[in-house]
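Under the heading N-linked glycosylation site, Swiss-Prot lists Asn10, Asn130, Asn194, Asn215, Asn539, Asn560, Asn662. Taken from Swiss-Prot, the feature transmembrane segment covers 260-280, 296-316, 323-343, 366-388, 402-422, 476-496, 688-708, 709-729, 735-755, 788-808, 810-830. What Swiss-Prot lists as domain 'SSD' is 263-420, and the listing cites sequence analysis. The region 'Disordered' annotation in Swiss-Prot covers 838-895. Among the features that Swiss-Prot reports, compositional bias 'Basic and acidic residues' is placed at 878-895.
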Amino acid sequence: MKSISQCLGNVSLWIEQQTHDMFYWVGLKIADYPKWTLFITTIWALLMAGGVVRFKEVNNVRDHFSATNSPSRYEYRVAREFFQELGSPFHVVVAMQAADGGSLLRPKYIDKALEIEDFLQYKLKGSFGNQSYSYSDFCGTQCETSDAVSIFLSMFRDQQIKKTAHVKLTYPSMDVFGHRVYLANNIFQVKINNRSSIIEESKLVAINFHAIYNNETMYEIMKEWEQKLFAYTLSTENDPLIRVYVTSEGLVSEEVRRTGILAMPLMGVTFLIILAFTILTTLKRDPVKSKPFEAFLGVICPILSLCASFGHLFWMGFEYLPIVTVVPFLILSIGVDDVFIFIHAWHRTPYKHSVRDRMAETLADAGPSISITSLTNLLSFAIGIFTPTPAIYTFCVFISTAVIYDYIYQIFFFSAVLVLSGEREEQRKNAYLWWKDVPLPEEPTGKQKKETIVSRVLGKVLDFWVDFIMAKWSKFLIGAIMITYWIFMARGVMEIAVGLSSEKLFLDDSPLLPLVRLQTNVIFKEGGQVAVFVNNPGNMSEPDAVPEIMRILRRFEVANNSVGAASTHMWLLPYLPYVGEQEHGSIEFKYRYLPEFFKLTEFRRWSHFVNLGNHQDCLSEKPSCLQKFVFSTGFHDAVSWSDRLALLENWREMASEYQHLNLTIYEDFSMYSDQLLTIVPVTQSTVFCALICMIMILTLFTPSPVTIVTSTAAVLSINLGVFGCLVYMNIDLDPISMTTLLMAIGFSVDFVAHITWHYYKGDFHSKRARIRHALAGIAWPMFQAGTSTMLAITVLALVHAYMVQVFVKVVVLVIFLGMFHGLVVLPIVFSALPFTKTSGPQKKKVAPLQMHEAGPIPKKEEPKVIKVNGEEDEEDEKTTKEEPVEKSVRSAERA
């Protein structure tokens, strides 16, 4: 075990030395050509930004939020292919509800409802070109699908007025002159007579407007009519009688897009807030060392990386999704974090060194730290690229590319800015009025004395902080807090709900929300339809063919939560009696009557349930006449997604028993139910892979067993808190929250890696000195970074939408937990555990000419072992060992 630890330590030392030397060399090169570096990086960003000419926004909830390997996606494709010969489907749902919440079957409400239905069918028109079109103009063979409501309301009104009883308006289906009309898909919140099942009240009525389009012109006509319908429903908001609601796949996509559009202008507000914060927290009293302009360019740096990364992806043909809207906010916060670390490292370099040396030393100091955090962020997001959900894939591609560009621009663009800033410092130019010279002070001034007092106060605060960390009672206090925290978070993880509903994609004031909530609370409970596609019917003339189909139908009619035969739509039920009429009593299946049957007005609606081949094949009684067909039956009392998934799996299992018929089931909302199949295992595997990658990085850069175990435990603890808090913040596990969890993993490692790296690399024999050195070196930049990130993200709290609020809540949470673990928990744990580090010789500053011209770095000495508070110490005892400690602390305080 000791040899493995020693080997890891040697590997880490070699990586540390090579990384240090590489960044030192890069710093020298940038210092040699700062203006060329700025020019090249800026031009590249502008060239890539030209990719906006290929910008294409897409937004389809079904396509982008369902996994590519989910059963529902295949089932949807089968359904689309079935209707493809007719054209592409267009579907809008309109619901009517009494303004006072009462029954719609009261006389004046029925009149109003019929008036609305007639208006929507014939009088509401959308314009295209020089013509206007109503629904009746483009519905074609689908017009009858919206007739059930008008038939029911008209007959109910006539029955109330004339007191006739020749038609019984029963529920869930009624018989109209020999034709059964199923009402449970249109009439909801029904009160019936317990004896006769006759409908007495109904508080909600839904009308389904179906149509088929075959070309882009027809699609545009329907979309225009849909927008007119949407505008009309908004106008009924204050109607004294009836409130009208509408939803459709197209309107849902538009609402999701509206969320993104509303968030984008806030990017400007975020930029100004971050700019002000960055400038104010990097100002110094010394007008030469202060860096307001550099801070401004530091905030511009992530903007350039966004232009370059987004443009690059647009050039490559990637499409933009609304969920990508939050990427600029995240990259701005990540990029500004690196600016604080860079400026902090610059101020720690000796002022008397040349600009060239200072840049090399700055990059050698800050480069590895920034590399670790950038690598962890990149890996946590890049792993999401392999998830099967397109929305997560697209989000992760955009943010991963942006992280790479941000890292490159921080290393090159901002380093070049610091070089020019250093040249200004050398020339003693004013940071605010850079054309003015600032004379050297001849003697200490009052302000400088005051600055020394401030430094002393900060030093005392740091000492108090370290005293708290080193105290025994603090370990018991934090231990009790952490145990309580883990218990509550573990409980939250066990209770987290899974699933995405369409209402989570809307703004809180979306006009679609009322109907979506009615669907969830009322329609899902009272009615739904499952369609069964028979893709390979075979020879229906065989004696066992039709009986087998009817047995399958019966199995679905009596399955769990099924309504029964009253809800069934099966074309064979009217067709077989028709064949009997033609055959004078025999009802054996015949193909030759199919074309004639579907042309008859009373049976025309059944033509949508079959795919016929060549008509001549039908006349010749060939099985190729009937290529496919579909039937459907109703179900109810399936409100939760877990209940609906149980039904789906039961139906799929039944369908799988008939491989020779190639049965496929389809239900409109199966994409949401199927997320329970994929989101949990995908989240588990993705998070597991991300955590393994984080642990490998921490092991590579800080190979001490103490730092490996503690930092890994800290990352796990932070993420346990993030996962556990989801249930307390009313957030479910869905594709949206999954992307934020990937982000949380990367962010959590940032805080842990910074403090662990500074603790590990410190060459001190005292735990107190090592912890003090780590906190003095990174606490303030960590605070700046965390605060700036929260400022960047909390602006989005103005957007009242679940899709955006999830990011805000999780980012604020992970920053709070990360800072608490990084600045309090880990230092206390470090103070309680022994620490052993394989250490090479103290790094010697290499002269620029040696690094740049003389070739390789001088050979390192043999590694030594430093044991903090141990019994042995293989390094020579130094009587002046506290001197470097105090020197480091004073340097950190000056920064």
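Glycine too: its Cβ is placed from the backbone N, Cα and C atoms.
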Considering Cα atoms only, can you say which of Asn130, Asn194, Asn215, Asn560, Asn662 is the nearest neighbour of Asn539 (N-linked glycosylation site) among these glycosylation sites?
Asn662
Just checking, which of Asn130, Asn539, Asn560 (glycosylation sites) has the fewest C-beta atoms within 10 Å of its C-beta?
Asn130
Report, in whole Å, the straight Cα-to-Cα distance of Asn194 (N-linked glycosylation site) from Asn10 (N-linked glycosylation site).
83
What does DSSP assign Asn10 (N-linked glycosylation site), in three states?
helix
Under a Cβ pair cut-off of under 8 Å, which of the recorded stretches 323-343, 402-422, 709-729, 735-755 contacts the transmembrane segment (476-496) most often?
709-729
Of the stretches 366-388, 688-708, 735-755, 788-808, which racks up the most C-beta pairs under 8 Å with the transmembrane segment (402-422)?
366-388
With Asn194 (N-linked glycosylation site) as the reference Cα, tell me which of the glycosylation sites Asn130, Asn215, Asn560 is the closest one.
Asn560
May I ask which of the stretches 323-343, 688-708, 709-729, 735-755, 788-808 has the most CB pairs under 8 A with the transmembrane segment (260-280)?
788-808
Taking the domain 'SSD' (263-420) alone, what is its mean pLDDT?
89
When distances run from the Cα of Asn130 (N-linked glycosylation site) to each of the glycosylation sites Asn215, Asn560, Asn662, the nearest one:
Asn215
C-alpha of Asn215 (N-linked glycosylation site) to C-alpha of Asn560 (N-linked glycosylation site): distance in Å?
41
Cβ distance under 8 Å to Asn662 (N-linked glycosylation site), same chain, sequence separation 6 or more: which residues?
Val534, Asn535, Asn536
Per DSSP, Asn539 (N-linked glycosylation site) is which: helix, strand or coil?
coil
Let's check the environment of Asn10 (N-linked glycosylation site): how many other CB atoms sit within 10 Å of its CB?
14
Are there residues at least six beyond either end of the transmembrane segment (788-808) with Cβ under 8 Å to its Cβ atoms? List them, or say none.
256, 259, 262-263, 266, 269-270, 273-274, 277-278, 322-323, 325-326, 329-330, 332-334, 336-337, 340, 503-509, 731, 736-737, 740, 743, 747, 815
Selection from 323-343, 366-388, 735-755, the stretch that has most Cβ pairs under 8 A to the transmembrane segment (709-729):
735-755
